[in-house]
Amino acid sequence: MVGLHFDRGPVKHVDIGWRVPNLLRELLDGIGKEYSLQKCIPITVLEKVLWKYQSIDNVAALSGKEYSRVQLCGPKCAFRILCNIPSDQLVIPDIEKYNEFNVNKTLYEGFLLALDTIQHTFNSQLFNDSPPHELNSKAESSVSHTAEDYFDSYISNFSRISETNLEKLHSRRELKNIECDAKKSLKILNAYDKLYDDQLDELEKKLEDIQYKQHALRQKKGTILSTSEKLNNMIYISKQSRKNIEEVSLLLKYDMNKKSSSVYSGWETTNLLSKSELAFGFNENNNNYNDDSLGEEDANDESENYDTFNLEGKNSRYSGSSVDYISEDTRQQKAKNKHEIGTVLSALKNAHENNITCLDFDEPFGTLYSAGQLDNTIKVWDLSSSKFIGSFNAHLSTINCMQLDTQQQIIISGGRDSLVRLWDIKKFQDYSTNYNDIENYYEETNCIFECDSHSDEISSISYDNFNLLTGSQDKTIKHWDLITGKCVQTFDVSFYLNNSPPFENKFSPTKKNYFAHSEAPTIGSLQCFESALASGTKDGLIRLWDLRSGKVIRILEGHTDAITSLKFDMTNLITGSLDKNIRIWDMRNWSLVNSYGYQSPVWSLDFNSANVVSATGGKTSEIFRRKENNHCIPNENYSFIKSEVQFVKYKEDWLIEGRSNGDIEILTI
């Protein structure tokens, strides 16, 4: 290698590329050992050049995009140094291509850019002609600024720079500083530009996701609407089919009554409609049937083809598949073709030896459960055929009250033996035409639950959603949880009744006491719904309880004697009493809506939205039309009947009466 020597002339500015610092380090470490470069070039000059390129203030050492002018050697010396650098290391890469492959800024670079921006904004706000006492407040307020605030302040600072002012400057140093600051700011702006591009991409993706979710929700909403329409159609078809089934059952019922003798002694079979009469109409002018009506033999042939069907979860042994009927008429309108409201469809003669104390049934044309005084059994009847199915020993003494739950397929009974029992009636609900061994099927082990905490006879019960309320002559009301089988709370009403007058049997015209006990019931009636309980006691007061707190929240006054029955719906509460009055209360404002009296005490009542039916010890049930606000007299002639109506049960336009002689009658209203 030929030795190099320095020119002794004046030192000039030499442009050295951005890779010179590394090359000089290699020259000092490697090349100088093998060649005589160190001998030709003073070591102090090389150290100064290397130190210059390693300086923090050197922009070329940091970025490599600018050239540095140094005053360390002449141009010939610099040329000789560059000539000894390998040619492959002299290639300067394309900065634009380099940036294409390194588009994303590192976290450190972004932090430096943000730090420069914050520092620049902080200084501009802190020292912008502010007095000393305001510096601390401005410094504290600047800390809470967001990156967007710094960016806006950063842009506003450069917007105030005028190009005309730059043209007036003649200082190279100031122009150089402004140029460097502008290039740094340009880097920061490029970083912000990339940042905002990324944020815009994220927002576009979020908008796409939102649009996709919106489309999916609209599809689900459309599915819900279409499914709702299908369900509404199913409900409509189910109601129509149910009406058709009930109409066919009614036709079969009338046909059986036509072929048999009168079910009630002294009544003529002409009082009952036949299937032909309903299907083809009746001529009132000549009291004859139409010529094209079905004959009795045809009816027998068709009745053999009926299969089992299920009506609202209740089993019946009749179904209509080929019987002609008038589909636009309801079963009430069919009965009105010849009979008025109150027509007796059938009767169960001598169902019990003594008066009926309580009954309940599965409507329509389902199963009837009844109990009588001095009879410890519950008897089961088929309403479609008026046949006796069976009975079971439910208590040790008279049964005072019962309630049927067809969904759970249980019946709850309370008796004078101070016991409340729950019975499984699934066997009776699914009975076949063979009635053998059904009566023997029920034994003591078929009682699925027994409440034995009362010390006196049971006078009333109420069941709703696994909550059972029992009222007793021991002046207590007990709340039972049937899931756990435990008594959860007891309401003592004895302190309410201390001043009540003793019951005197002076209300019945026949001087008979229809109660199973010798005096008016202490707790005459109960009804619960969820956490609400209504109770009627012999002091003539109706108390409304909150089962959650166990306290009386309201008392309704108006009756002057013992409450015997009560029932409420979502709007009204109707009560009956031994004071011969029935009162209708509005549960929305607890005001008395209507009140009407009878000549005898009210022993039992039931109602729906159209009628209020009550038993007042007369030969017929009392029917009060709620909309017309008048009483309805049944069409049947009861002048020859000596028994009195003691208990009524009214469901879906079907009324069942329990009489004092043990008979049970089924009527349509």
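Each residue, glycine too, has its Cβ placed from N, Cα and C.
According to Swiss-Prot, the feature coiled coil maps to 189-222, an assignment based on sequence analysis.
The annotation repeat 'WD 1' is assigned in Swiss-Prot to 351-391.
Annotated repeat 'WD 2' per Swiss-Prot: 394-433, in sequence order. Away from its own ends, the repeat 'WD 2' (394-433) comes close to residues 313-315, 317, 357-362, 366-367, 369, 371-378, 380, 382, 441-442, 446-452, 454-463, 468, 470, 472, 474, 480, 482, 516-517 of its chain (Cβ-Cβ under 8 Å, at least six residues beyond either end).
Taken from Swiss-Prot, the feature repeat 'WD 3' applies to 453-492. Regional average pLDDT for the repeat 'WD 3' (453-492) in the model is 93.
Listed as Cβ neighbours of the repeat 'WD 4' (516-557) (distance under 8 Å, sequence separation of 6 or more from its ends, same chain) are residues 357, 373, 398, 400, 416, 457, 459-465, 467, 469-475, 477, 479, 489, 491, 493, 496-497, 499-500, 502-503, 563-568, 573, 575, 577-579, 585, 590. Residues or ranges marked as repeat 'WD 4' in Swiss-Prot: 516-557.
If you look up Swiss-Prot, you'll see 558-595 marked as repeat 'WD 5'. Long-range contacts of the repeat 'WD 5' (558-595) within the same chain: residues 503, 507, 520-521, 524-525, 527, 529, 534, 536-542, 601-607, 609, 612, 614, 616, 624, 629, each at least 6 residues beyond the stretch ends and with a Cβ under 8 Å from a Cβ of the stretch.
Note on the repeat 'WD 6' (597-634): DSSP counts are 0 helix, 17 strand, 21 coil. Residues or ranges marked as repeat 'WD 6' by Swiss-Prot: 597-634.
Annotated repeat 'WD 7' per Swiss-Prot: 640-669, in sequence order.
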Beyond the flanks of the repeat 'WD 3' (453-492) by 6 or more, those residues with Cβ under 8 Å of it: 397, 400-403, 405, 412-420, 422, 516-517, 521-530, 533, 535, 545, 547, 550
Mind tallying the repeat 'WD 7' (640-669) by DSSP state, helix then strand then coil? 0 helix, 18 strand, 12 coil
